[in-house]
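J.: Following this message is one structure expressed as structure tokens.
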Number of protein chains: 2
Amino acid sequence: MHRTHTCGELRLSDLGKTVTLSGWVQKSRDLGGMTFIDVRDRYGVTQLAFNVDDDQTLRAKALDLGREYVIKVTGTVIERSSKNNKIATGEIEIKVSELDILNASALPPFTIEDETDGGDDIRMKFRYLDLRRNPVRENLILRHKMSQEIRRYLDGENFLEVETPVLIKSTPEGARDFVVPSRMNPGEFYALPQSPQTFKQLLMVSGFDRYFQIVKCFRDEDLRADRQPEFTQIDCEMAFVEQEDILNMFEGLTKHLFKTVKGVDLGEVPRMTYDDAMRLYGSDKPDTRFGMQFVELNDVAKGHDFPVFEQAELVIGINAKNCASYTRKQLDALTDFVKRPQIGATGIVYARHNEDGSIKSSVDKFYDATTLDAWSKAFHSEPGDLLLIMAGPTDKVRKQLNELRLEVAGQLGLRDKNTFSPLWVIDFPLLEWDEESARYHAMHHPFTSPKPEDIHLLESNPGDVRANAYDLVINGVEVGGGSIRIHDRDLQSNMFKHLGFSPEEAQKQFGFLMEAFTYGAPPHGGLAFGLDRLVSIFAGLDSIRDVIAFPKNNSGRDVMIDAPSSIAPAQLKELTLEVKA
Amino acid sequence: MHRTHTCGELRLSDLGKTVTLSGWVQKSRDLGGMTFIDVRDRYGVTQLAFNVDDDQTLRAKALDLGREYVIKVTGTVIERSSKNNKIATGEIEIKVSELDILNASALPPFTIEDETDGGDDIRMKFRYLDLRRNPVRENLILRHKMSQEIRRYLDGENFLEVETPVLIKSTPEGARDFVVPSRMNPGEFYALPQSPQTFKQLLMVSGFDRYFQIVKCFRDEDLRADRQPEFTQIDCEMAFVEQEDILNMFEGLTKHLFKTVKGVDLGEVPRMTYDDAMRLYGSDKPDTRFGMQFVELNDVAKGHDFPVFEQAELVIGINAKNCASYTRKQLDALTDFVKRPQIGATGIVYARHNEDGSIKSSVDKFYDATTLDAWSKAFHSEPGDLLLIMAGPTDKVRKQLNELRLEVAGQLGLRDKNTFSPLWVIDFPLLEWDEESARYHAMHHPFTSPKPEDIHLLESNPGDVRANAYDLVINGVEVGGGSIRIHDRDLQSNMFKHLGFSPEEAQKQFGFLMEAFTYGAPPHGGLAFGLDRLVSIFAGLDSIRDVIAFPKNNSGRDVMIDAPSSIAPAQLKELTLEVKA
């Protein structure tokens, strides 16, 4: 037998017991008469003690143990003379009588401790060693717990988990598909699903009513820090529902998760329309852990011959509370921030609300005290506040100010990882205009239903049609999104037309779905959470990478196993494929 | 709101309530003064009543409803005059006051009833309609329940579900991989996993200790009735264990599933060595719902100048209890059965144990009554029994007799779908000789550990080395299998050598795993269940197809969505690929 207890289990109440433990050597200390070894497993650390007066062979063996050796020891639980209250087993130690080396270990390329000396690259290559570190393992334990709770909740609500296929059909809409050549059907390809969207809708047509699946999805996109080629969705769909039913159900799930996994009472999730989110935060995923809502200033900023404001479509700002003391250097840094190419603003106008009540702006030349007072009123500013103002085309300046708002809030410590501020963003536009392809794209996807009261606008003002679509945002991160779907063949067909599909293309790609709608499709809708992102928020992490056991790097490579890689010419030949350099 | 109750929910205790139901029109009957509509959802069927004396418009609307129309009705729960005790809602009906058609339906291509008139092909094409039928839906509900119970059990045993990657590396060992071209790494390919084998072993190296995952796996094989290109495994691994620990753990899971899902007490699972299974049943997955074990007859059959037996390596037979009355025609049919090319036997010798105690064989010319009595003793036969005997090379004749045994048992009704006979088959050979490639292959996979006491045979008699490998067999179906793994770098390297890998190939394919073994790999082992097969056994089905929501056909096609299919030339170009016809 390899163990009677884990390394996190023994307490004072176990004194005198003969136990066997197995685990990894965390560290060893030789203190004159005594040798101490910390042995570690998934559950904790236990101190092993070897006395100089006891078995010398045993102690010599213990002294030879290197870090990360796998050992098995048998011994007696005794009370520690100097207790360690930082660990659960800190009141006891094991007086060892037998020691087996189950496997030796070479010196690890980085230290296996909470704070490691290993850089990102080396830790990715030796991911299996990085996974030994407590913080990384804790992330995956958290992920397991959340997945279990999600399933428990949805099972309790009569959802059925149904597995949908991974080898499906490539579609031109949306992101790029990964494809899989079919040997049995030469020249043809499967695609890996970007989501099980059409299948879950077919399950609704089948009467499954309440479906979910925690499922891998795939997108062949150029990667960013928070994107992975394969990612996991909590994919859900319900029939015979309206938007309200879906929001309530998944608000319930979210609250349940926060309560059971983090012990946090989330409270009711507020709702905001897409238009308000853009107007107040310049983002469809506002971080509402703090206020600093946008204030529109056209009324008070225009008409004073300041050319930048005169020429701008929108003058808009935020009130950075208690930041009047920002130095010139800090303000310059903020200006540099918004001027970075990825933000692309021309500058910031600022105004300090001084302790004496006066307002001092960077554009005093154009604005007298009375006008600045009006600014102050618009911002509800108080002495000590700093007003940061930008101007430009409406959509653009809102996005720029959103970046500034997040930056300032970060500096002020307002983006606390232990505060959770959820928000439903609703009433998304159905379509968005894409300059490059000069046509409308579906903002969510082509199966999203327009709001019935807006359908009449589809022909005349397609850009004004709102969708029954919604996102769940937490702390400025979109963790989920969904919509009420179209369940009418003609409306779906019309939607494809508006998205630039020819009737033949629509039929070829989605004929099966439109045909399904002719056999009694119920009203339905759903939502998908990004599990990786949800876990990373629970874990207080910015990136999803560390909530994934074996992530890929930014080139889509698994550097540990060295994938992707070349394949044998015979494999290519069987697939009737040739690689053209 | 679409419904206050489901169609399976209302009872006499709900009399007088105003309710709203939504669902599909199952059927309608017009009986003079009354129109009855059965409305169906996932939960059941409820009868709707429309009285001729009531609202004529409403009744006319009801009469116009076609099968599979999606409707929403509001009405009052009333007691039925003629009750239907076959359905849970059979004591009530709804006196309808409002009727909305949520969606019309074209006439379905087959009837949506428990017994349908639709053939396989049409039901695959309209899978979403086939899924409406109770038996098909029940299979998927069963699958959901089993998955939930599996997770509950393993979570309770401290297993962590960890998701391993789907985009991995192609390896030449085992079945053919599906590959995925990488756009970001031109000319390189990912592979889809045949199992997460190496990743779960790395998780053990990481100290995860107890891992599981219900996970899709992929094999590009020519398909048979019970194979699918994508299938689902319950993949498990444990560290610091021996074979006994694993058998106990997963016997526990199996018993838990049978108990909670089917209410069946499975009892202790017997164990049998591979050698015994081959000797007694000619199969490494014997159906032990019935006896009919093989009887070896060389002692009593040889030495009597019957050339077939004289020349055979092994003479072997089974006792078909109470089959002495088989007609000549039935016996000829059995002979034809074993002569089929896929079995390839030359014939059957039979002997009847007559009611008067005498034995009458088809080879009386060679055997006298005394010898036939010795046969009878060997078979423990009784009056009324039929002895069926075959001869040939040992391995071959055992496999042939296995087929005959199953065929006869099927005819005798001994393979009852409601009887469950589990068996652990243990002590599998480590290697099997492959004539075609003239080398040894791993019987399980290259990571399986030889039994320590057999390691010394690796060089001299590799075929005699037994592995710490085991299968769980239920009713003659292999539902799971696994092994204790190698955790020593040198032994793993040696194993690759025996499997015909050059050191360079071994390093290229599995260098990461062998390197991981140098950093403190614990002893570990595991097991994987085939979820599809396990569910099909619970459902009493021979094929796995009907426990999969959207299965592929024998050409690997999804005929519903028409996948695989051709992809755009631009997609191929981005992947630097060309299709060569």
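Note that the numbers count up from 1, one per residue, in the order the chain is shown.
Yeah, the Cβs are placed from backbone N, Cα and C, and that goes for glycine too.
From TrEMBL, for reference:
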type    : residues                                                                                 : note
DOMAIN  : B:142-551                                                                                : domain 'Aminoacyl-transfer RNA synthetases class-II family profile'
BINDING : B:Glu173, B:Arg219, B:His444, B:Arg485                                                   : L-aspartate binding site
REGION  : B:197-200                                                                                : region 'Aspartate'
BINDING : B:Arg219, B:Asp220, B:Glu221, B:Gln228, B:Glu478, B:Gly530, B:Leu531, B:Asp532, B:Arg533 : ATP binding site
J.: Return one of helix, strand or coil for B:Leu531 (ATP binding site), based on DSSP.
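T.: Its secondary structure by DSSP: helix.
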J.: What same-chain residues, at least 6 away in sequence, bring their CB to under 8 Å of the CB of B:Arg219 (L-aspartate binding site)?
T.: B:Ala175, B:Arg176, B:Phe178, B:Gln194, B:Arg227, B:Pro229, B:Phe231
J.: Which is it, of B:Glu221, B:Glu478, B:Leu531, B:Arg533: the one of these binding-site residues whose Cβ has the most other Cβ atoms within 10 Å?
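T.: Per the Cβ count, the most surrounded site is B:Leu531.
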J.: Please identify which of B:His444, B:Arg485 has the densest Cβ environment, defined as other Cβ atoms within 10 Å, among these binding-site residues.
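T.: Output for this query is B:Arg485.
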J.: Under DSSP, is B:Glu221 (ATP binding site) part of a helix or a strand, or is it coil?
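T.: Note: B:Glu221 (ATP binding site) is coil by DSSP, not helix or strand.
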J.: If I take every residue in the region 'Aspartate' (B:197-200) and average their pLDDT values, what number comes out?
T.: 97
J.: Between B:His444 (L-aspartate binding site) and B:Glu478 (ATP binding site), what C-alpha distance do you get in Å?
T.: 13
J.: Please list the DSSP helix, strand and coil residue counts for the region 'Aspartate' (B:197-200).
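T.: For the region 'Aspartate' (B:197-200), the helix, strand and coil counts are 4 helix, 0 strand, 0 coil.
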J.: Among residues B:Arg219, B:Asp220, B:Glu221, B:Gln228, B:Glu478, B:Gly530, B:Leu531, B:Asp532, B:Arg533 annotated as binding ATP, what is the maximum Cα-Cα distance? Answer in Å.
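T.: If we measure all Cα pairs in B:Arg219, B:Asp220, B:Glu221, B:Gln228, B:Glu478, B:Gly530, B:Leu531, B:Asp532, B:Arg533, the largest is 20 Å.
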J.: How many whole Å apart are the CA atoms of B:Arg533 (ATP binding site) and B:Arg485 (L-aspartate binding site)?
T.: 24
J.: What's the CA to CA span in angstrom from B:Leu531 (ATP binding site) over to B:Arg485 (L-aspartate binding site)?
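T.: Their Cα atoms are separated by 22 Å.
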J.: Rounded to the nearest angstrom, how far is the Cα of B:Glu478 (ATP binding site) from the Cα of B:Arg485 (L-aspartate binding site)?
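T.: Computed Cα spacing between B:Arg485 (L-aspartate binding site) and B:Glu478 (ATP binding site) is 20 Å.
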